[in-house]
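See below for the structure under consideration.
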Amino acid sequence: MDELAEKYEEVLLICQKNTHGEASPNKTKPAKGSSNRSKQQKTEQPVDMRDLLMQCAQAVASFDQSRAAEKLKEIREHSSIRGDATQRLGYHLAEALEARITGTMATPISATYSRTSMVDILKAYKGFVQACPTLRMCYFTANRTIYELASKATTLHIIDFGILYGFQLPCLIQALSNRDGGPPLLRVTGIELPQSGFRPSERVEETGRRLKRFCDKFKVPFEYSFIAKNWEDITLDELVIKTGETTVVNCILRLQYTPDETMSLNSPRDTVLKLFRDINPDLFVFAEINGTYNSPFFLTRFREALFHCSALFDMYEATLPEEDNCRTMVERELIVRDAMSVIACEGSERFARPETYKQWQVRILRAGFKPAKLNKEIIKHAKEIVKQRYHKDFVIDNDNHWMLQGWKGRVLYAVSCWKPAKK
């Protein structure tokens, strides 16, 4: 346990080390000559993988099983779980298409379930944040904005919807420990979806214990409470908000997993946003995937998911070594699970339901929030970090109060801050 705690600390404070001081060098990938012969044979026969996948999806949509099987066979001849970006795209999307045809999956999937060990998740996270800025910049922007808000707070209460492993908070805890006048009391309410089995709150409880160790190390007074249930079923009374505390609702890359109005007439997604507004926070920090693959029509959804996944596989191809186990884990946790949901599943089993940042804006405004502009210095600093330390095809831009992150011109993630509008 001590070894895991040390590993956790080392990895999660990497953001602090590398957002000040020396730039971390970009990883260089091994030469293609290191690939095995079968891969070389595959690359000698170039195919239009996107076109093959679309042809297969069309056959699946029209219930032409023999043609779908024929196309799946062709895709598999040119794909590999450890190949280049195109081969990996083909492999994983073929798996999802086959799961849709057969109605079965090799492993069960859910929005938060993962069989990967904590040690392996930490290794993958470390490799990922050193090679790709996307998650790191979401955390950096959120933490800097929260820190500015809490400059004179005596109590800071962060209600974290989707706290998961708590990876965002250690750098904020360290920053608060160095605040002029000393740190505030940090109250964290960690909120997660329930895990299956006899201990639905096991992981969110463990996250609290890890954060307590960080706060003890940096001498930040700390209180933790947790809730493990579907977010639309949470009531305001359960959140225990105290008079006089500075309150932040934090939701980073997780609201897309709350069902929308296509699943229920009273949209659970809008119900959760109404809860955020009823909390009446001093700040609502929001980040989400900018996704267009939420159509009720399978073929439209598949086409958009294909473009989105292509961009992500291309991004990892350019930044993570081909033979690195970290890359395989990152792809499984950040692409494959959602792709399987979007392609293989319908109804309540399709848990990934992303929207564009402009669609999110409409929802958030309708819930009773108004935009809070991000500090220009924070955006400027984020751009400098990305320019100096990451691949040239990563881009940070802004659209009014949104900070956008993209790859080769395609917007993949969006971050924004909001305050309650006066009623």
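Backbone N, Cα and C define each Cβ position, glycine as well.
TrEMBL does not curate its annotations; it predicts them automatically.
TrEMBL assigns the feature motif 'VHIID' to one of the listed ranges (156-160, 316-320, 326-330), namely 156-160. Under DSSP, residues within the region 'SAW' (344-419) fall into helix, strand and coil as 28 helix, 27 strand, 21 coil. Taking H, G and I as helix, E and B as strand and the rest as coil, DSSP gives the region 'Leucine repeat II (LRII)' (206-238) the counts 19 helix, 7 strand, 7 coil.
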